[in-house]
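Down below is the structure, laid out as structure tokens.
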Amino acid sequence: MSSKETCRTELRAAVRHLSDRGLYSASKWAAEQLMGIEQDPSKHTPSHTRFQRGSSSIRRRFRTAGAAESSATPSGGVSYVSTRRWEYRRAAHVLRDQTGKKAVFLRCYALYLAGEKRKEEEMIELEGPLGKSDAVNRELVSLERELSTLRKNGTIDPFGLYIYGLVLKEKGNENLARSVLVESVNIYPWNWSAWSELQTLCTTIEALNSLNINNHWMKDFFLASAYQELRMHNESLAKYEYLQGTFTFSNYIQAQIAKAQYNLREFEQVEVIFEELLRNDPYRIEDMDMYSNVLYAKECFSALSYLAHRVFLTDKYRPESCCIVGNYYSLKGQHEKSVMYFRRALKLNKNYLSAWTLMGHEYVEMKNTSAAVDAYRRAVDINPCDYRAWYGLGQAYEMMGMPFYALHYFKKSVFLQPNDSRLWIAMAQCFETEQLHMLEEAIKCYKRAVNCNDREAIALHQLAKLHCELGQTEEAAFYYKKDLERMEAEEREGPNMVEALMFLAQHCKTQKKFDEAEVYCTRLLDYTGPEKETAKSLLRGIRYARDVVEHFPP
């Protein structure tokens, strides 16, 4: 890792270079990392205060600037609310005779944006704001031809290579797009947008490892983010914690650590990180939809209400804000209103993955399975690695009584997220259905769920019941004991405990373990239902059997 002063100098220059070229999202990212570097006290003077943590000069400049570039980048969604198509074409026309590298980049970028804008207009005209369409960017062919020639002649700069990579990616030429984007980041490593596009082309660890990237501290940011997308969450955490040594106060790194912890289902730690983020950056909206998911899972009504109110006042026309409000109404059980806000998020950015998935969940709650399936399919079209959408498809088909289809989608979700016990449990329950009735396969899935730290405590009980159903009493007794130990440790009562005590009492009596059987029966006497009478009867039987054994030994 380079020194803090080196990183600071490089990022200051990058903010200017990227802003000059209209790459506002990358410029904003660079500015955020610049603010995350701890000041050297020996060099700190009042003239440097604009770069202090909590300072607002850079924040004011870049708070809303990200919309322009992220809207122009396919992976971030396309939404051209503020710029008219003819303005892009006008810019390209003005620069038509300029041959400088910067001018060529700006002209090509303007043409690319004009094509994206026209594509979106055609999609709305043909299918409506959330419909599917085969519309394409009509500038891609001419841009590919021109940029390819410039690259062959060696007259293209790293920003031109970035646009060339975008064009190739959109045309489906992923291998060449990867090579071109690697060239771009090797020459100019501070363009985070180029790294982000490169990451979307690395869908396997093999593809990631095949990249010939120069050693630079920006590579660590890229690898940390790529590991996250490849579900290598522990590796990603290690990278971000290493980067924190230099970027001590980076809110971006804090948010990414929270994301990794979220995927590892460490909700308590995630909540602490987001609370700290909001204290440091009270107007932050990026990643706050993930925080709302945590609050939703923990059913924190007041905290989610406060967050929704806060982001809505900050900027209600951000898709993240709409998703947070949608989560709030979902937690209140107002599913129609929740869907309305998720649809609003998608009107702002139709490629906003979370909104499609969450809207699918709402349609499931409303028993509108066809709409749910459509929403989930749109989510997997955007990101085939979104395990939540595949899981949602499985749920929807299970509701429709189609377990073979459901099983197919559950298998896809568990392949993408093999450490999530909920997915294994869903697949096990699918195997248990009347149409499939594949109990041995269900047992295998429940065992995987137990190994994945089944927080809902479903798997142990189901394993005991399935082994009992298959007549495997020793295995059933083993899992009932495990389940009983867990319920005791968590101080839980209920019908599962009664069932475990009843089975173990009868099993121990059968095995002539009378002392152990008597302990379980005695515990059942504390209950007031029919199990109390059953326990009394069992105790009488145990005492009689014990007397028989004592008087007539084998």
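Glycine residues also receive a Cβ, built from the backbone N, Cα and C atoms like all the rest.
Here TrEMBL flags 7-258 as domain 'Cdc23'.
Per TrEMBL, region 'Disordered' is recorded for 38-57.
Sequence annotations record features per position, and here TrEMBL assigns repeat 'TPR' to 319-352 (among others).
The repeat 'TPR' annotation in TrEMBL covers 353-386 (among others). Away from its own ends, the repeat 'TPR' (353-386) comes close to residues 132, 203, 229, 231, 289, 319, 322-323, 326-327, 330, 335-336, 338-339, 342-343, 345-346, 392-393, 395-397, 399-400, 416 of its chain (Cβ-Cβ under 8 Å, at least six residues beyond either end).
Marked as repeat 'TPR' by TrEMBL: 387-420 (among others). With DSSP states grouped into helix (H, G, I), strand (E, B) and coil, the repeat 'TPR' (387-420) comes out at 27 helix, 0 strand, 7 coil.
Per-residue pLDDT, averaged over the repeat 'TPR' (353-386), rounds to 94. Residue counts for the repeat 'TPR' (319-352) under DSSP, split into helix (H, G, I), strand (E, B) and coil, are 27 helix, 0 strand, 7 coil.
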